[in-house]
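S.K.: Structure provided below as structure tokens; questions to follow.
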Amino acid sequence: MTAASPSRPVHLGRIVGASLCGFALILAGCAKSEETAAPPAQGTGGAQAPVASTADGPTCTITQYGGTQLDLKSAIVGFSQSEKEANPFRIAETQSIKDEAAKAGVKQLLTTNANSQLSKQISDIQDMINKGAQALIVAPLNSDGLEPALSAARAKNIPVLTIDRKVNAAACKDYVSFLGSNFVEQGKRAAQQMAKALNNKGKVAILLGASGNNVTTDRTNGFVDELKASAPEIQVVAQQTGDFARDKGQQVMEQIIQAQPDINGVYAENDEMALGALVALRSANKKPGTDIHVVSIDGTRNAVQKVTEGELYAVVESNPRFGPLAFQTLQSFLSGQPVQQNVVISDKLYTKDNATAELGNSY
Amino acid sequence: MAETTVTQPPATRRLRDYGVYAALGILVLYNLAFTENFATLANLNTQLVQVTPILIAALGMALVIGTEGVDLSVGSVMALSAALLPLYLGYGLMPAILVALLGGALCGIFSGTLVAVVGIQPIVATLALLVGGRGLALVLADGRLKDIRNPMLLELGSGSVLGIPIVVLIAACLTLVVGFLVRYTTFGRQLVAVGGNRSASVLAGLPVRRTLIVTYVISGVLAAVAGIVATARLTASDPSAIGQLAELSAITAVVVGGTPLNGGRVRILGTVAGALLMQLISATLIKHNLPSSAALVVQAAIIVVAVLLQRPRLGGGG
């Protein structure tokens, strides 16, 4: 572009910049939000220690992994969170780790957040090692790419537990154990609820999660395989990605419901897409819970609320409260006992029968 | 502006100017023939409603591109306006909307000043807001999605007048206003002149700086309107998702609609058709249960064709 205009003193831009910042501060200062019903206190669910479903998989001991026994109370533990604590899952997960660290009485808990950047997560973990972390709990951003951080921990015989996402590395060798939900099982349980809602017969649309994500693949396979096995008369007539986002879920649902107005069920692979789908269904004059049944996965407060109102048929929980299980596993491991290499966290199921009573345990 | 058109063969020029309408027509005919329940009023409304946020943002984008600029910040300004809205709903709907629009206007003043006064390239000036605007939105909203309960705002998002959704009426009015602005006002003439030849405009004594700043302000305000509409539709303020990649969709709509990237020409109706074409492509794929990521590939192909058609001489080489 031609810089035809003769340049004027640059401070004009600075003034605008400064006033914009000032504007931002004023905005934040005199904000007055819409009156809403006071949300139930967060973190009440933390009281509920998730019980690991008993598994007879391979185990790992500190002698196999290398390192020395340690009392958790005198240990510095590092926690690396992958994504900003903006969504309910991450908020509940970090809170649960912090609460349980306090309860277990660890000497110090270091916490970091990678803000969805892999390079930051690697340097976060290396920083915590340099600060003297003796055990690490990592919520990996991605299944791949954390090798530099893992090998730094490995070099110092620091035990690493990965939570919620599994890394592509050898358990008990590159890291100690993985603690997480069984996403295939979540899909299966959603399929069972769908079969129940539709009396084993009908047409279903699936709102897929983000493409190329193993959570999406597992939740889809679990659902589709279970329907084939136990309710073959339920047909999956549409599968479209809603990117785990509410607005995308709403838009995709609006298109599907018009192209196929005779569907009876919607399976959303997370709560946010289900909430978007409910808006879309209502605006297409369908009554969720009567004309069409929606099943989803996560167990967020908003979704469980919709179960109590009858708009969602069922929500399969994806439990974010890894704290109790993680510190229990660390404790056993550091005191020389064998621990499972794959610890499956138990997920609840919210239906109209228990949603009102369990609302406080949703996140 | 005239000198670029004379070197093009008339056939190419016609394709560039009217190709988008032909493509849209063909896609509509295809859907009428092969898509179930396509020829319904409800479906028409759905497509129009879904396209509104992008369309409104694209109107502003068309003006900016007409000045030989580009506004990469529209998606982030949408997010900012979505974030501001629930913060001020406590004062009532109107004050909240005004604050959101004011936020958009200030964003426009910011990028407009950088472009017009400081002389920074538009792509860089607005890139700053693309990054910073969403950051500010997330900070204001504490990074979280907030449900909207204000009944008037919800009515704005889902209500209709005489069977036409309110948001579509808003988009239609804004299209008329912006179209009028371009075609019949002094400002519109000046905008096109500045985009066509900035040096000449300066020499001719046109208010170049003011025209540029006003253009970016209009784009910012329209983006804020798009953010309000998107929030009302979603029944929630979600600054991390609202407006995501909207700047690219808006640029696509403008370019496919026949507005050249090197300025000096603004085609508002073409922009509307461009936005509708992109909307219909993704809707068609979803309705036929094809992976919607394929839509991106189709859209990319259309953009390439549109840009090729805008070259002074097709196939002219270097």
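Yeah, the Cβs are placed from backbone N, Cα and C, and that goes for glycine too.
Where the annotation comes from TrEMBL, it is an automatic prediction and has not been curated.
In case it's useful when we look at the structure, here is the feature table from TrEMBL:
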- B:18-35: transmembrane segment (TRANSMEM)
- B:47-65: transmembrane segment (TRANSMEM)
- B:72-91: transmembrane segment (TRANSMEM)
- B:97-118: transmembrane segment (TRANSMEM)
- B:123-141: transmembrane segment (TRANSMEM)
- B:161-182: transmembrane segment (TRANSMEM)
- B:213-235: transmembrane segment (TRANSMEM)
- B:241-261: transmembrane segment (TRANSMEM)
- B:268-286: transmembrane segment (TRANSMEM)
- B:292-309: transmembrane segment (TRANSMEM)
S.K.: Checking distant contacts: for the transmembrane segment (B:213-235), what same-chain residues at least six beyond its ends satisfy Cβ-Cβ under 8 A?
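M.R.: Same-chain residues near the transmembrane segment (B:213-235) but 6 or more away: 49, 52-54, 56-57, 59-61, 63-64, 66-67, 69, 71, 73-75, 77-82, 85-86, 97, 100-101, 103-109, 111-113, 115-117, 147-148, 153-154, 156-158, 167, 170-171, 174, 178, 187, 191, 242-243, 246.
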S.K.: Does the transmembrane segment (B:268-286) reach the transmembrane segment (B:161-182) with at least 3 CB pairs under 8 A, where each pair is 6 or more residues apart?
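M.R.: They are in contact.
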S.K.: Have the transmembrane segment (B:123-141) and the transmembrane segment (B:72-91) got at least three CB pairs under 8 Å, pairs 6 or more apart in sequence?
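M.R.: Answer yes: the transmembrane segment (B:123-141) meets the transmembrane segment (B:72-91) with 3 or more Cβ pairs below 8 Å.
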S.K.: Which residues of the chain, 6 or more past the ends of the transmembrane segment (B:292-309), have a CB below 8 A from one of its CBs?
M.R.: 12, 15-16, 19-20, 23, 252, 255-256, 258, 261, 277-278, 281-282, 285-286
S.K.: Which residues, given as numbers and ranges, are at least 6 beyond the ends of the transmembrane segment (B:241-261) yet have a Cβ under 8 Å from it?
M.R.: 4, 16-17, 19-20, 53-55, 57-58, 60-62, 65-66, 68, 70-79, 82, 130, 134, 145, 223, 226-227, 230-231, 234, 267, 269-275, 277-278, 299, 302-303, 306-307, 310
S.K.: Same chain, outside the transmembrane segment (B:72-91) by at least 6, Cβ under 8 Å from its Cβ: which residues?
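M.R.: 53, 57, 60-61, 97, 99-101, 103-104, 107, 111, 123, 126-134, 136-138, 140-141, 146, 148, 150, 153, 219-220, 222-228, 230-231, 237-240, 242-248, 250.
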